């Protein structure tokens, strides 16, 4: 079934949280009402010439294009785009591409794809709001020179080690740089030399001139520009100096007229510099009031995963996984390939709310949302994952010929009769699960053992007569007889009472498939807790590949088609490897939490 009914536009307004309270307060107070917007990002003069902003609020999701988005990013995406949707605003997708050495177009494309996959769109009021920090480099340079001219920035030629030593710590104030009191003219000249490539990488930086004794270490003359010779994915070799993220980020927000800049908690200590910079640039006439305000929320940490880019890269580089989109990875690309639905990821993000503290969320919260979505939308099918042959020895006698195929059918979905029936047929040989036969059954075993009767689901009652073995004593086939006039849905269906019901696939019409049984990548809820080597708790059973059989209704399934395999769980046809003539199926999740204690 389609996922369109669960698109963000159709989701209910979410419960209150502190960010919603802030936005509602600002809307009620008219904090951002009637502010002009120039139609595109720009400085104060640009926006002053614009029209009243049609967006009541402006938010942004600002990823750095240096890796693939993961489940933690999904929280921020859904929070920002969701708040914009709920309050008549717009959310910008902005690439914070100020670090040319780590950023690539590949990541830009992947991020755009994943935001769209989650169901969000950066087009609003007839305009696409897709932006790049690198497109603001000219303005950022102008802003830096303005700070120099105002005596609020200087070029520092200390070594990185000297700067670190002179910064002080939480109990000791910093020491002023010997270059701190250069004249404006000297600083402008040096900064322009930096721009013109006349100095080596790392030989000097531009620093904001604030207070080296500030109790907030982030206000102790932070670096705002550095020399870095590297080709940029967007601007090429135009620049050899690049702004620091903490300098670029507030400027980007102001140029785009962001109202509420929502960050994770690690940026809380940076907020005073965010405000200092914007207030001074607005005072200089470069930026327009009202200025953006930064707010912080707690990061989402999901159990049984790691989200550090360094650690995820290590998993890929050392071949512990097949790539960034390996279905065991917590990247959105991996989750998509695993078969997770956008609606389930959005629901998890919404259900975990927005708080002022970082929180660990159990993986089961995501799987609960996933099962609820798949239960509603996934068509049903039968599949045999660990097959052994079942021979119906009296089949020809009951049906008149061994070549006869007895038609059977079942609902495509038990709650959606409009989807119709799926068809398959009974033959003299079937595939059943190996675990469904026991020569000597344990107590409480109601499936096949000599003398016991079970029902073939949607088919007939059969009675087990024994098994066939190879020279090593391994069971190669189970034998049984069909009880006539016991077909499901016929008057004789209840004539024979049984306790066991087996899923099955016909040998004659079953579809052979590679089935990939995925599980959690780590055996511990917090893989890197206490400095532990996270690789030491890799789950050796996180991926198993088996050859199984599917009912014929899946013979022409397209990639990314999700199903509930009756009794086994939820599965999806692999988006890359699956072909109609060579099916590849991924297990998304079981019908219940196998990790529950």
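The backbone N, Cα and C atoms fix where each Cβ goes, glycine too.
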Same-site ATP binder from 259, 264, 341, given that TrEMBL records 64, 65, 66, 299, 300: 264
Folded-back contacts onto the motif ''KMSKS' region' (306-310), same chain, C-beta under 8 angstroms, at least six residues removed: 66-67, 70-72, 330, 522, 527-528, 534
Sequence-remote partners of the region 'Disordered' (33-53) [C-beta within less than 8 Å, at least six residues beyond its ends]: 127, 131, 135-136, 139, 252, 255-257, 282, 285-288, 290
Pairwise CA distance, residue 300 (ATP binding site) versus residue 96 (L-glutamine binding site), rounded so that it is a whole Å: 21
Chain-internal residues near residue 245 (L-glutamine binding site), provided their CB is under 8 angstroms and they sit 6+ positions away: 64, 96, 98, 99
Secondary structure content of the motif ''KMSKS' region' (306-310), with strand meaning DSSP E or B: 2 helix, 0 strand, 3 coil
Those residues of the chain, 6+ apart, with a Cβ under 8 Å from that of residue 66 (ATP binding site): 99, 102, 103, 104, 107, 309
Cβ packing number for residue 300 (ATP binding site), 10 Å threshold: 23
